[in-house]
């Protein structure tokens, strides 16, 4: 009895092994027949098969009921100048609700969840044919916690984009254009396409740059230059950034407007894709990539103060590798020192000679400026006298009389002699006053009085002149007696007395000053 039970168990095990082996052989045979078809293993979001011309995908557990509380996202991507057509099998059921608020299928025209909404679907009737306007389509399936259904199965294919039929569509193949970069940092630039002749002039550009960071590092991307020839026309030109691989589900950012922001990747592999059609070949970009690790930083790395640690070799290299310029902020002194050393080595002799010449000229100039004023002062002290000092600082008309010093001395001698004669005449004329009055009468007295008043009034008036006119040949005798000449024939004695009396104010003025006789004579002119 026990032997029979053991045989039965062995038979069951043998049958099970044969069934498993048969399934494995069948699977291998099917894989060999489907060359070029990529199978996505069964996951919580169902099966997704992709080919070069399209593919198909389904809801989880299809054709059985899908599980509750599920959310699956499918992003379809066609080649450039192509669009996507999406169809559903007739076996279709998603929990119906008003405006499909519960279980539903959401489809958008583009690669993002914020792309234009095509529609939301639910119920028992499968959607009609859906066609995208570009090369991307975003699809999301969502279920709530109750009332599950059969689900769906969809097929998609790629068709030529009618907007590019004049360029040949998919009949005009795009050349293969791929580049690879790696290391602590580097530059990704679109000009590399022309330099390496990856495409010919007039052809569209669809190039991919694959970046690999250093071990255990991530990638930071910063645009140094960016310009799209046709801004905001993503069909014609764009730059896309992928994180990890070039699969559409790894799309991190896409730029086709006028601004491109920095991108921080979560993996050590980044993919940059640039697309530009035949009419957008002037589009360009230049991007810096930097490998970084997260803190804490080691001794061989530099802390960027932005959750980044970069290699020490990137510090003060003239390029901003950190998100903020911490790695280049304290490098000014070092750069200036290096520049000074370079100038000293190459032009030290010229700078030294020039500096010496300038220094010598400066010293000579200072000595000349200091020594020249001292010579003038010494000369003045040596030849200084009161008369010369007075002549320099008195008004200019005093210098004119100093030039005629000899003539003035002779005139002063005559004046002194006349004054002496006047004194003698006055003493002798006292006794003969009556005789004098009898001959000249009261008229002479009035004339004398008027002459005396005239000379006394004339003196202060002439003293007010600041600068006398240039004098002619000096003749004091003629000038001082000219106004009495007309009356000399009437009374010679009175005329002589009047002439001498006119000089009395001048004599008083001369005696009242200590300067010289030059000032008294200048008043008469």
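Using the three backbone atoms N, Cα and C, a Cβ is placed for every residue, glycine included.
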Residues flagged as transmembrane segment in Swiss-Prot, choosing from 327-347, 348-368, 369-389: 348-368
Residue from 409, 456, 482 to which Swiss-Prot assigns phosphoserine: 409
Residue from 311, 475 to which Swiss-Prot assigns N-linked glycosylation site: 311
Cα-to-Cα gap, residue 322 (disulfide bond) vs residue 311 (N-linked glycosylation site), nearest whole Å: 10
Tally of residues which DSSP labels helix, strand or coil - the domain 'LDL-receptor class A' (296-332): 7 helix, 6 strand, 24 coil
Other CB atoms, at most 10 A from the CB of residue 309 (disulfide bond): 19
Residue 234 (disulfide bond) versus recorded positions 100, 297, 309, 311, 316 - nearest by Cα: 100
Whole-number Å value for how far residue 309 (disulfide bond) lies from residue 316 (disulfide bond) (Cα to Cα): 14
Tally of DSSP helical, extended and coil residues in the domain 'CUB 2' (177-292): 7 helix, 59 strand, 50 coil
